[in-house]
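**Student:** First the structure, which I've put down as structure tokens, then a few questions once you've had a look.
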Amino acid sequence: MTVVIGFEGSANKIGIGIIRDGEVLSNPRRTYITPPGQGFMPSDTARHHRAVILTVLKEALEQAGLKPADIDCVAYTKGPGMGAPLVTVALVARTVAQLWGKPLLGVNHCIGHIEMGRLITQANNPTVLYVSGGNTQVIAYSERRYRIFGETIDIAVGNCLDRFARVIKISNDPSPGYNIEQMAKKGSQYVELPYTVKGMDVSFSGILSYIEEVAHKMLSSGQCAAEDLCFSLQETLFSMLVEITERAMAHCGSQEVLIVGGVGCNLRLQEMMGVMCKERGAKLFATDERFCIDNGAMIAQAGWEMFRSGQVTELEDSWITQRYRTDEVEVTWRD
């Protein structure tokens, strides 16, 4: 049986997970949370990760009931992500691999999400919507690559939500997106916002600029409530995502959709995607916050697939790259 430990720390989550042949043995995680109205800076995030990473590593081994000798391979997030946090986690993973005498594997963060989603949901060959704070892509597998059919041409959907949360001072605990989702449930008035789909791609910067400009005027004049703005923003953003996902499904002749990434936890997004899938006679697959939010087990699962197909990363090649495209990775573990 192959046991892989995975280190994830590309943004404000630090997670270490252990996978043994498709079974999640442990998956502890910590989140760096900033005050309302503030984002997280790379240097501060890296400092947070350095402070807790050894505690999280100890927890992962204890929860799994394993010793370093039981681990077959050490996987870490190579990218994409924020430079300083990525370097912090890569350094620890490299050190651990050398101390334990284990092979090392650099994993693409997005492919970690996809492989974890496939494992948990048992989706066979889905069209994937990958939505998070740093990424928005519609992806499908073809000829040993995860091909990007459409993506954001500016900011990611999660980044758009997070920055709107800062404008109206929504708490970052447990996450801005989660708090927007809860407020949106109480919204009743739809405020029309720019809707920008360009072929297979989407743009979110215009919507953000517009809502940043009008939010305080509308709220102070009593035209609408903050809950209405949260509701309207979600409905508009998610409609765009459902549209490009459906177009990719039609192109690929796909009957499955898998939503991955932190924004994929949003139940309203899952509901809207579910309606589209039902109309097409297709099936929707989604995971809960344990596995759609950044975690170590997803890096371990992708590392497990890669390691079993004969891949390893030599120490001199074990750098990080902030811009690491999903379609750059040769998928050696699928037919």
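Counting starts with 1 at the first residue shown.
A Cβ is built for glycine as well, from the same backbone N, Cα and C atoms used for every other residue.
According to TrEMBL, the divalent metal cation binding site annotation covers H109, H113, Y130, D294. Taken from TrEMBL, the feature substrate binding site covers Y130, V131, S132, G133, G134, D162, G177, E181, N266. What TrEMBL records for 29-300 is domain 'Gcp-like'.
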**Student:** For H113 (divalent metal cation binding site) and S132 (substrate binding site), determine the Cα separation and express it in whole Å.
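**Tutor:** Distance (Cα to Cα, whole Å): 10 Å.
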**Student:** Looking at Cβ-Cβ distances, which residues of the chain lie under 8 angstroms from H109 (divalent metal cation binding site) while being 6 or more apart from it?
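**Tutor:** When sequence neighbours closer than 6 are ignored, H109 (divalent metal cation binding site) has E8, S10, T77, K78, G79, P80, G81, D294, I299, Y324 within Cβ distance under 8 Å.
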**Student:** Can you name the residues of this chain that are 6 or more positions from N266 (substrate binding site) yet have a C-beta less than 8 Å from its C-beta?
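**Tutor:** Non-local contacts for N266 (substrate binding site): G177, E181, Q234, F238.
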**Student:** Along the domain 'Gcp-like' (29-300), what average pLDDT does this model show?
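**Tutor:** Per the prediction, mean pLDDT sits at 97 for the domain 'Gcp-like' (29-300).
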**Student:** Measure the Cβ-based neighbour count of H113 (divalent metal cation binding site), defined as the other Cβ atoms within 10 Å of its Cβ.
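**Tutor:** So the number of other Cβ atoms within 10 Å of H113 (divalent metal cation binding site) is 33.
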**Student:** Can you list the residues of the same chain, besides H109, H113, Y130, D294, whose Cβ falls within 8 Å of the divalent metal cation site's Cβ centroid?
**Tutor:** S10, C110, G112, I114, S132, N135, V260, G261, G262, M298
**Student:** Given the binding-site residues S132, G134, D294, which one's Cβ is surrounded by the fewest other Cβ atoms within 10 Å?
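**Tutor:** Ranked by other Cβ atoms within 10 Å, the binding-site residues S132, G134, D294 bottom out at G134.
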